[in-house]
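Listed in TrEMBL for this protein:
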| type | residues | note |
| --- | --- | --- |
| COMPBIAS | 51-60 | compositional bias 'Basic and acidic residues' |
| COMPBIAS | 61-71 | compositional bias 'Basic residues' |
| COMPBIAS | 81-99 | compositional bias 'Basic and acidic residues' |
| COMPBIAS | 121-131 | compositional bias 'Acidic residues' |
| DOMAIN | 134-233 | domain 'cGMP-dependent protein kinase interacting' |
| REGION | 1-136 | region 'Disordered' |
(Lines of atoms letter the chains of each structure in order from A and count residues from 1; the text may use other names and numbers.)
(Lines give C-alpha, C1' and ligand atoms only; values in the text may rest on other atoms or scores of the structure.)
Protein backbone atom coordinates (compact mmCIF):
# COMPACT_ATOMS: atom_id res chain seq x y z
CA UNK A 1 0.00 0.00 0.00
CA UNK A 2 1.14 3.51 -0.74
CA UNK A 3 0.95 5.82 2.23
CA UNK A 4 -0.77 9.11 1.64
CA UNK A 5 1.05 12.33 2.57
CA UNK A 6 -0.30 14.18 5.52
CA UNK A 7 -3.09 16.59 4.70
CA UNK A 8 -1.24 19.51 6.16
CA UNK A 9 1.37 19.17 3.50
CA UNK A 10 -1.17 18.94 0.69
CA UNK A 11 -3.21 21.89 1.85
CA UNK A 12 -0.20 24.13 2.54
CA UNK A 13 0.13 26.99 0.14
CA UNK A 14 3.24 27.67 -1.83
CA UNK A 15 3.68 30.90 0.02
CA UNK A 16 4.19 29.03 3.25
CA UNK A 17 6.85 26.89 1.70
CA UNK A 18 8.71 29.57 -0.24
CA UNK A 19 9.98 32.53 1.83
CA UNK A 20 9.14 35.93 0.44
CA UNK A 21 12.04 38.07 -0.69
CA UNK A 22 12.85 40.96 1.62
CA UNK A 23 11.76 44.34 0.40
CA UNK A 24 14.64 46.70 -0.28
CA UNK A 25 15.23 49.47 2.25
CA UNK A 26 13.58 52.65 1.27
CA UNK A 27 15.87 55.70 0.99
CA UNK A 28 15.39 58.48 3.50
CA UNK A 29 13.55 60.94 1.36
CA UNK A 30 12.83 64.26 3.16
CA UNK A 31 9.16 64.78 3.59
CA UNK A 32 7.22 68.03 3.50
CA UNK A 33 7.09 68.17 7.31
CA UNK A 34 10.91 68.03 7.74
CA UNK A 35 11.77 70.53 5.02
CA UNK A 36 9.61 73.60 5.37
CA UNK A 37 9.22 75.79 2.32
CA UNK A 38 11.25 78.93 1.84
CA UNK A 39 8.28 81.18 2.64
CA UNK A 40 7.83 79.68 6.11
CA UNK A 41 11.56 80.02 6.82
CA UNK A 42 11.53 83.66 5.77
CA UNK A 43 8.43 84.25 7.91
CA UNK A 44 10.07 82.60 10.91
CA UNK A 45 13.22 84.61 10.37
CA UNK A 46 11.18 87.80 10.21
CA UNK A 47 9.58 86.97 13.59
CA UNK A 48 12.90 86.51 15.38
CA UNK A 49 13.48 88.38 18.62
CA UNK A 50 14.59 91.99 18.03
CA UNK A 51 18.22 92.71 18.67
CA UNK A 52 19.07 95.22 21.35
CA UNK A 53 20.66 98.47 20.49
CA UNK A 54 24.35 98.15 21.31
CA UNK A 55 24.76 101.89 21.67
CA UNK A 56 22.03 102.25 24.28
CA UNK A 57 23.32 99.12 26.08
CA UNK A 58 26.83 100.57 26.35
CA UNK A 59 25.47 103.88 27.62
CA UNK A 60 23.34 102.07 30.19
CA UNK A 61 26.34 100.06 31.42
CA UNK A 62 28.47 103.19 31.67
CA UNK A 63 25.77 105.04 33.63
CA UNK A 64 25.20 102.09 35.97
CA UNK A 65 28.96 101.79 36.57
CA UNK A 66 29.18 105.48 37.36
CA UNK A 67 26.19 105.28 39.72
CA UNK A 68 27.77 102.38 41.63
CA UNK A 69 31.05 104.26 42.00
CA UNK A 70 29.19 107.35 43.15
CA UNK A 71 27.21 105.35 45.72
CA UNK A 72 30.44 103.95 47.13
CA UNK A 73 31.61 107.51 47.76
CA UNK A 74 29.99 109.92 50.21
CA UNK A 75 29.91 112.94 47.93
CA UNK A 76 26.90 111.99 45.76
CA UNK A 77 26.44 112.19 42.00
CA UNK A 78 27.32 115.49 40.36
CA UNK A 79 26.83 116.91 36.91
CA UNK A 80 30.53 116.38 36.18
CA UNK A 81 30.16 112.63 36.80
CA UNK A 82 27.28 112.41 34.33
CA UNK A 83 29.29 114.32 31.73
CA UNK A 84 32.23 111.95 32.19
CA UNK A 85 29.89 108.98 31.75
CA UNK A 86 28.49 110.46 28.54
CA UNK A 87 32.04 110.99 27.25
CA UNK A 88 32.92 107.37 28.03
CA UNK A 89 29.77 106.20 26.24
CA UNK A 90 30.63 108.39 23.24
CA UNK A 91 34.11 106.82 23.05
CA UNK A 92 32.60 103.34 23.13
CA UNK A 93 30.11 104.22 20.37
CA UNK A 94 32.43 103.68 17.30
CA UNK A 95 33.56 100.28 18.57
CA UNK A 96 29.95 99.22 19.14
CA UNK A 97 28.96 100.38 15.67
CA UNK A 98 31.83 98.47 14.04
CA UNK A 99 30.85 95.37 16.00
CA UNK A 100 27.24 95.81 14.88
CA UNK A 101 28.27 96.15 11.21
CA UNK A 102 30.45 93.03 11.42
CA UNK A 103 27.56 91.15 13.00
CA UNK A 104 25.20 92.22 10.23
CA UNK A 105 27.72 91.10 7.62
CA UNK A 106 28.04 87.70 9.30
CA UNK A 107 24.54 86.63 8.23
CA UNK A 108 21.89 84.65 10.08
CA UNK A 109 24.36 82.65 12.15
CA UNK A 110 25.94 85.81 13.56
CA UNK A 111 22.49 87.21 14.31
CA UNK A 112 21.55 84.00 16.12
CA UNK A 113 24.74 84.17 18.21
CA UNK A 114 24.03 87.79 18.97
CA UNK A 115 20.45 87.01 20.02
CA UNK A 116 21.76 84.22 22.28
CA UNK A 117 24.21 86.66 23.86
CA UNK A 118 21.37 89.10 24.46
CA UNK A 119 19.17 86.38 25.97
CA UNK A 120 21.99 85.09 28.19
CA UNK A 121 24.15 88.11 28.99
CA UNK A 122 27.34 87.58 30.88
CA UNK A 123 27.05 88.64 34.52
CA UNK A 124 28.73 91.95 35.07
CA UNK A 125 31.14 91.94 38.02
CA UNK A 126 29.72 93.89 40.93
CA UNK A 127 33.01 95.03 42.41
CA UNK A 128 34.51 96.67 39.36
CA UNK A 129 37.45 98.91 40.10
CA UNK A 130 37.32 102.40 38.56
CA UNK A 131 39.97 103.24 36.04
CA UNK A 132 42.49 106.02 36.34
CA UNK A 133 40.16 108.67 34.94
CA UNK A 134 37.48 108.05 37.56
CA UNK A 135 40.06 107.94 40.35
CA UNK A 136 41.47 111.26 39.21
CA UNK A 137 37.97 112.73 38.99
CA UNK A 138 37.14 111.47 42.48
CA UNK A 139 40.36 112.98 43.89
CA UNK A 140 39.63 116.32 42.22
CA UNK A 141 36.08 116.35 43.57
CA UNK A 142 37.35 115.56 47.05
CA UNK A 143 39.91 118.38 46.93
CA UNK A 144 37.25 120.76 45.66
CA UNK A 145 34.93 119.79 48.52
CA UNK A 146 37.71 120.35 51.08
CA UNK A 147 38.45 123.76 49.59
CA UNK A 148 34.78 124.73 49.67
CA UNK A 149 34.49 123.53 53.28
CA UNK A 150 37.46 125.71 54.32
CA UNK A 151 36.01 128.69 52.46
CA UNK A 152 32.68 128.14 54.21
CA UNK A 153 34.40 128.10 57.62
CA UNK A 154 36.28 131.32 56.86
CA UNK A 155 33.07 132.96 55.62
CA UNK A 156 31.25 131.94 58.82
CA UNK A 157 33.97 133.47 61.01
CA UNK A 158 34.00 136.63 58.94
CA UNK A 159 30.22 136.87 59.23
CA UNK A 160 30.41 136.58 63.03
CA UNK A 161 33.00 139.39 63.15
CA UNK A 162 30.84 141.57 60.93
CA UNK A 163 27.85 140.96 63.21
CA UNK A 164 29.87 142.12 66.25
CA UNK A 165 31.08 145.23 64.42
CA UNK A 166 27.56 146.00 63.25
CA UNK A 167 26.25 145.75 66.82
CA UNK A 168 28.93 148.15 68.06
CA UNK A 169 28.17 150.62 65.27
CA UNK A 170 24.46 150.41 66.09
CA UNK A 171 25.15 151.19 69.75
CA UNK A 172 27.30 154.20 68.79
CA UNK A 173 24.63 155.43 66.44
CA UNK A 174 22.02 155.10 69.17
CA UNK A 175 24.22 157.13 71.51
CA UNK A 176 24.69 159.78 68.86
CA UNK A 177 20.96 159.82 68.26
CA UNK A 178 20.32 160.28 71.98
CA UNK A 179 22.91 163.07 72.31
CA UNK A 180 20.63 165.91 71.05
CA UNK A 181 17.99 164.88 73.56
CA UNK A 182 20.60 164.93 76.31
CA UNK A 183 21.79 168.35 75.20
CA UNK A 184 18.23 169.66 75.24
CA UNK A 185 17.71 168.27 78.73
CA UNK A 186 20.92 169.86 79.96
CA UNK A 187 19.87 173.19 78.43
CA UNK A 188 16.47 173.00 80.14
CA UNK A 189 18.06 172.21 83.51
CA UNK A 190 20.53 175.07 83.10
CA UNK A 191 17.72 177.52 82.40
CA UNK A 192 15.83 176.28 85.45
CA UNK A 193 18.92 176.73 87.62
CA UNK A 194 19.48 180.22 86.23
CA UNK A 195 15.89 181.18 87.06
CA UNK A 196 16.27 179.78 90.57
CA UNK A 197 19.53 181.68 91.08
CA UNK A 198 17.85 184.91 89.98
CA UNK A 199 15.02 184.31 92.44
CA UNK A 200 17.53 183.67 95.23
CA UNK A 201 19.37 186.90 94.41
CA UNK A 202 16.13 188.82 94.61
CA UNK A 203 15.35 187.20 97.96
CA UNK A 204 18.81 188.16 99.22
CA UNK A 205 18.22 191.76 98.19
CA UNK A 206 14.85 191.77 99.95
CA UNK A 207 16.48 190.25 103.03
CA UNK A 208 19.12 192.97 103.13
CA UNK A 209 16.40 195.58 102.87
CA UNK A 210 14.54 193.91 105.70
CA UNK A 211 17.68 193.92 107.82
CA UNK A 212 18.16 197.61 107.18
CA UNK A 213 14.55 198.32 108.10
CA UNK A 214 14.91 196.23 111.24
CA UNK A 215 18.02 198.09 112.29
CA UNK A 216 16.34 201.40 111.70
CA UNK A 217 13.34 200.34 113.73
CA UNK A 218 15.65 199.20 116.55
CA UNK A 219 17.35 202.61 116.57
CA UNK A 220 14.06 204.43 116.64
CA UNK A 221 12.83 202.21 119.44
CA UNK A 222 15.91 202.96 121.52
CA UNK A 223 15.45 206.71 121.01
CA UNK A 224 11.85 206.50 122.09
CA UNK A 225 12.83 204.58 125.20
CA UNK A 226 15.32 207.27 126.15
CA UNK A 227 12.75 210.07 125.59
CA UNK A 228 10.17 208.27 127.69
CA UNK A 229 12.65 207.75 130.50
CA UNK A 230 13.56 211.43 130.53
CA UNK A 231 9.93 212.47 130.60
CA UNK A 232 9.18 210.14 133.46
CA UNK A 233 11.84 211.76 135.58
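Cβ atoms here come from the backbone N, Cα and C positions, even for glycine.
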Structural state census, the domain 'cGMP-dependent protein kinase interacting' (134-233) (DSSP three-state): 99 helix, 0 strand, 1 coil
Taken over the domain 'cGMP-dependent protein kinase interacting' (134-233), the model's mean pLDDT: 87
